[in-house]
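Now, the feature entries from TrEMBL:
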DOMAIN    B:20-437  domain 'DUF112'
TRANSMEM  B:20-39  transmembrane segment
TRANSMEM  B:109-132  transmembrane segment
TRANSMEM  B:144-162  transmembrane segment
TRANSMEM  B:169-186  transmembrane segment
TRANSMEM  B:206-224  transmembrane segment
TRANSMEM  B:315-336  transmembrane segment
TRANSMEM  B:356-377  transmembrane segment
TRANSMEM  B:389-407  transmembrane segment
TRANSMEM  B:413-442  transmembrane segment
TRANSMEM  B:463-486  transmembrane segment
């Protein structure tokens, strides 16, 4: 954090760092929203004749929704008292550096793009784009090698799944030509 | 000896050339995927699910048996050679295994782990054969209230035994239960949380949840924190053991299963606790106490054997009660559901060919694992050098294949991404993944049993506790819940004096 001289900006910086410290409260908000959503859905359900037995389709959603609200509150209390969720470690995870949001957003975007393209382009082409794009987002810049690996992987996967294992994948116009 | 006859029939199924091929393929794929850094057994099984979609159930589960054990063995290879285990059960393997590898005894560490897996798996599967039919027989008579009690036990066990924070475990469970609610109510056909969407009316497929949370969530999480320079694996030759090593380890191999199996069979959360217990036991019994922490071979052999046996124990509750106690078992249960098969006490009566074929192929898989992995270990070690962009791009690629293969729908891919983002957030804020998956898988089932039990009792809550079995299970739940309180009081007492 950079130090600033003006008191007002110091206060915003302070508030921002407090929010960053307590970003886990965002999880509480999401749980709260989810709970409200589940409860609204359950309570606006009109069950009249459909119900067989004393416990209808409403009961469990009401319990789950209430549970979500309670847990959201408990988690908020825990966070405000200094409790922190332990971020998950792993073989390739380096927690000492701040999160690289650009890569995450890029990956999510590429994945979304693939799901749009899979039907018009077919799996081999869309899959290759997904692999290449994801590898690029993750920092691989071998323009001579990456597209080839992506194309080979995608084509082999298509043939193995569609032809050998009997799991249908769309071939798209490319496979129509070949 | 009814079980023995059924097992022989099972071998008849498992040893046909084609099924043998599926088993071998499963072991190879499972090990190869499990060795890859960042991929634990649960993700390996989830990613390999689509491979079996086109197969008939018997062949698919034979392959699964291979994948399961292969992935577990692969995971311990990673932690011995890289010392940064991603999977909790493999943490213990790294404690002694990695120092061994660093001091040039990697080959021995891998051999001790491989034979430990073999021994533990063998003893564990023998215990499975002995126990499972009996448990299934006992469980045939249990009714809706008993099932509901068992599922509540599973929910409580995964949220409070595992992980460091119960609140976060419960939050994860509730997220899973919410996802499980989406779709048509099984008993009345009432739409729940569908918001008028036809696609959501079918519910969210369990496979998509598992792949999203385990694979996409993990890939995104690693992408946000990718190590600039990946850890260097220690090069290793062909695993072998000298006579002195064997003399030190054979008892550890045999002790491991008896610690691992019981923990696997009860819903107390997999291999984490037994591997640690085995480590402590071996350390206490060792004649070479000075070597501990610097690479004591017993510290690899015992825990690995315990982990493998606990995997077999997991299958007891999974096959006989339909109760998954680990992430891998949860994914396997999802696979059963994919084929419209409901594991439970009736499974042994209704699908004897499938169950006994699966159990027999566990034995076959173990032999294949030992035969393939000892000579192939140097090849597996090379996999650790895979460039990380390719590795995580590959995970996203195969996750997309898996989700698309479920129903051939683009919506599934979008759902997968959303669940993957949820998985990312859960990893960031320390919400454990397993309770969510268990919630999605068992939630709808638990609701059905609850409602059935209350229908029988005409709405009276006593209908949930009217059998001795259910009462016993609830007593266990109370004990589990009270345990931390008891421990806290116990800790405070001596501190004051």
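Heads up, the Cβ atoms here are built off N, Cα and C, so glycines get one too.
Whatever TrEMBL says is automated annotation, not expert-curated.
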For the transmembrane segment (B:315-336) and the transmembrane segment (B:109-132), decide whether they are in contact, meaning at least 3 CB pairs lie under 8 A, counting pairs 6 or more apart in sequence. yes
Under a criterion of three or more Cβ pairs within a distance under 8 Å and sequence separation of at least 6, are the transmembrane segment (B:413-442) and the transmembrane segment (B:20-39) in contact? no
Return the stretch with the most CB pairs under 8 A relative to the transmembrane segment (B:463-486), choosing among B:20-39, B:109-132, B:144-162, B:169-186, B:356-377. B:144-162
Contact set of the transmembrane segment (B:144-162) with the rest of its chain, CB cutoff 8 A exclusive, min separation 6+ beyond the ends, reads 169-170, 172-173, 267-269, 272-273, 321, 323-325, 432, 434-435, 438-439, 442, 445-446, 449-450, 452-453, 456, 463-467, 469-470, 473-474, 476-477, 480-481, 484
Interface present between the transmembrane segment (B:169-186) and the transmembrane segment (B:389-407) (three or more C-beta pairs under 8 A): no
Which residues of the chain, 6 or more past the ends of the transmembrane segment (B:206-224), have a CB below 8 A from one of its CBs? 38, 40, 42-43, 46-47, 49, 176, 179, 327, 330-331, 334-335, 337-338, 388, 392, 395-396, 398-399, 402-403, 406, 412, 415-424, 426-428, 433, 436-437, 440-441
Close approaches to the transmembrane segment (B:356-377) from elsewhere in its chain (Cβ under 8 angstroms; 6 or more beyond its ends): 6-7, 9-11, 13-15, 19-20, 23-24, 26-28, 31, 58, 61-62, 64-66, 68-70, 73, 77, 107, 110-111, 114-115, 117-118, 121-122, 125, 128-129, 132, 236, 238-240, 312, 315, 319
Over the span of the domain 'DUF112' (B:20-437), how high is the average pLDDT in this prediction? 83
Which residues, given as numbers and ranges, are at least 6 beyond the ends of the transmembrane segment (B:109-132) yet have a Cβ under 8 Å from it? 3-4, 7, 69, 72-73, 76-77, 80, 93, 96-97, 100-101, 236, 239-241, 245, 249, 252-254, 256-258, 260-261, 264-265, 295, 297, 300-313, 315-316, 319-320, 348, 359, 362-363, 366-367, 369-370, 373-374, 377
